[in-house]
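These features come from TrEMBL:
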- His191: active site, tele-phosphohistidine intermediate (ACT_SITE)
- Cys506: active site, proton donor (ACT_SITE)
- Arg300, Arg336, Asn458, Asp459, Arg469: phosphoenolpyruvate binding site (BINDING)
- Glu435, Asp459: Mg(2+) binding site (BINDING)
- 6-128: domain 'Phosphotransferase system enzyme I N-terminal' (DOMAIN)
- 155-229: domain 'PEP-utilising enzyme mobile' (DOMAIN)
- 254-545: domain 'PEP-utilising enzyme C-terminal' (DOMAIN)
Amino acid sequence: MAEHLKGIAASDGVAVAKAYLLVQPDLSFNKKTGADVEKEKSRLDEALTKSQDELEKIKAHAEESIGVEEAQVFEAHIMILGDPDFIGAIKQEIEDKKENAEAALSDISNNFIATFEAMQDNDYMKERAADIRDVTKRVMSHLLGVTLPNPSLINEEVVILAKDLAPSDTAQLNRKYVKAFVTDVGGRTAHSAIMARSLEIPAVVGTDRATSLAQSAGDVKIAVNGVTGDVIIDPTAAEIAQFEKAGKDFIQQKEEWAKLKDESTITADGKHFTLAANIGTPKDLQGVLANGAEAIGLYRTEFLYMDSSELPTEDAQFEAYREVLEGMNGKQVVVRTMDIGGDKHLPYLPLPEEENPFLGYRAIRISLDRQEIFRTQLRALIRASYYGKLGIMFPMIATVNEFKKAKAIFQEEFDQLKASGTPVSDDIEVGMMVEIPASAVLADKFAKVADFFSIGTNDLIQYTMAADRGNDRVSYLYQPYNPAILRLVKNVIDSAHKEGKWVGMCGEAAGDPIMDCILLGMGLDEYSMSATSVLKIRSLMKRIDTSKVVELAEKAITESVTNEDNIQLVKKYIDLD
Ligand SMILES: C=C(OP(=O)(O)O)C(=O)O
Ligand SMILES: [Mg+2]
C-alpha cells in the first residue's frame, strides 16, 4: 500500500525508480585488553593507509562529478587520517590500555566527537564532528575487514534511501543511475543536500521514517518530488503517472531556461541587469560559462588559503587569478581579498581564541594588521589584472578609514609594480563588501571613496538581526525581506547611484526570486549567485516590467512590517510559478 511522506525539499527535480536501501554494515567489535601493542599499532597503520587510498579515489571521483569545492570535504578527511593529535591519541590509548586497535579508535573518536559536539553553537566544529565520525567508520571497516557500501557500483536506475548519507557516500553517486535520494535525517544545508544540488540529483531529506517504511515494504518503487518534498513509497499507477508528468515538466522548464544561456538579462521593459556568479576556485569557471553568467561577482579567495598547507605564494595566487580572468574573456571578475577568521580557520595561521569570532579578528581586520599577507595577495591580483577586467573588493569593511587604508596599500603596490615595468591594467575597480550595518548606514560616505559596492546579505542579516547565520535555533531570524534589511539595502543602492557608482549583491539572497523582484524595483545593478541559479533568475527577470516593481519596492519598505508581509506583497505583484 502506498505510503505518503513529507520531508524537506533539498534538491530540485522529480523521479520514480526502484528503491535501493543503503544499509550500513555491522561495525560492532569485541573490546580486547592485554593486546600485543606493536601488532595493534601496525594494524591501525595498515587500516589508515587503506582508508587513505580509498579516500584519494573518492576525492578524485568527487572532483570530476561534483567539483573541486565540494570535494574539499575529502581533503579534510585525509587530513584527519594524518592528524598527529587524533592518531597520536589512538596509539597512546593502545599503549596505555593495551587495547585492540578497534577499541582505541572507538574510544578516542568518541572523545573527539563529544568535545566538538559540545560546542553547540559552532557549525564549523559540528562539521568536524561529522567528519571524524565518517573517517572513523572507514578506518573501522578496514580493521574489521568488512566492506562499506559502495554506491558507485550501482548499475541500474534507483532511488537511494538511507538514514543519512555521509559526504563520502554522496560523492560516489552516479547521476546516470541514481535518480534521487531520500534520507530520514538532515536539513537543506546539510552536506549531502548541498552535494545533491551540485550533482543535480533530486533529493528529499528529513523524512524521519522513509527507510523503516521502505524496509518493511520490500522490493518497491519510490516516487520523489525534490521541489515539494513529497515522497511516496510503493506509489499507485496513477501516482507514478502524476510524478512522471511533474518530472517531465521540470525537465522541460530546465530546457527552456537553457535557451537563455547566451542571452543578456533584459527585463520586459527593456532594461539590462547583470547576472553574475559566485565562485570559490578556478575550477568553478566551467559552471559559470555553462550557465551563461555575465560576470563573476564574487570570487571567494579563502579556498586558495584553505587548500594549502602554508600561505599561498604570490605566484601561485597570480596563476589562479589569471586563469579566472582569462577564462572570463573580458567579462568582469570581482575578487574579494581573503576573508579568513570567523568560522574559517587556517591551521598554519594561528589566530587568538575568541569568545565571539564573528565579531572578532577576521577578514580586512587581519589584512590591515598582517600587511605582508595582504600585500602578497594584492600584488598577485594587480599582476593578473593585465589578463582581463578585474575588480577587487575588501570584506568586512566597517569604517571609511579602513577602506582608505586598504585602498592606499593597494595604490602603493600598484605604483611599485607599474614603475618596475610589470604589465598591469589601468582600470582596476576597487570596491567593498557592504556586510556590516555600519557601512550600510553610512553608505553615502563610503560611496565617495569606493568604486562599487557588493552587498553581502549573509553577514549583513546576521549582524543586523543579531542572529548567528549557522545556528538552527535562531534561523527564523534569517529574514532577507524584513523591511529593516531592505531599508539598509535601499540606502546602499541610492547612495551608490548618487555618486555614479554601481552596486551589486553577492549574498545568497541575490539568487532568491522573491528578493530579486524587490531588488529590481530598487534598481540594484548586479546580482551574483550560485551559477546554477542564473538561468532561472534570467527567465524571471525577462518577465518583469520594472515600472511595476518600483511601486512594490517602495511599499516593501514603507507599508510592510514583517518578512512575511513582503512575501505576500511580492506574490500579489508577480506570478512566481
Ligand atoms: C557573500 C558573503 O560573504 P560570505 O558568505 O563569504 O561571508 C556575505 O556575507 O553575504
Ligand atoms: Mg560575508
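Start at 1 and count along the chain as shown; that gives each residue its number.
Even glycines carry a Cβ here, placed using N, Cα and C.
A map of TrEMBL features onto the structure.
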residue: Arg300; record: phosphoenolpyruvate binding site; contacts (Cβ under 8 Å, 6+ apart): Asn278, Ile279, Gly280, Arg336, Asp339
residue: Glu435; record: Mg(2+) binding site; contacts (Cβ under 8 Å, 6+ apart): Pro395, Met396, Ile455, Gly456, Thr457, Asn458, Asp459, Leu460, Tyr463, Gly507
residue: Arg469; record: phosphoenolpyruvate binding site; contacts (Cβ under 8 Å, 6+ apart): Asn458, Asp459, Ile461, Gln462, Tyr478
residue: Cys506; record: active site, proton donor; contacts (Cβ under 8 Å, 6+ apart): Ala276, Asn278, Gly297, Leu298, Val334, Met433, Ser454, Ile455, Gly456, Ser528, Met529
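Taking every pair among Arg300, Arg336, Asn458, Asp459, Arg469, the residues listed as contacting phosphoenolpyruvate, the largest Cα to Cα separation comes to 20 Å.
Look at Arg336 (phosphoenolpyruvate binding site): DSSP puts it in a strand. Under 6 Å, Cβ to nearest atom of ligand 1: this is the test, and of the binding-site residues Arg336, Asn458, Arg469 it is passed by Asn458. The secondary structure of Glu435 (Mg(2+) binding site), as reduced to three states from DSSP, is coil rather than helix or strand. According to DSSP, Asp459 (phosphoenolpyruvate binding site) sits within a helical segment. With a CB cut-off of under 6 A applied against ligand 2, the binding-site residues Arg300, Arg336, Glu435, Asn458, Asp459 are reduced to Glu435, Asn458, Asp459. Mapped onto three states, the DSSP output places Arg300 (phosphoenolpyruvate binding site) in strand.
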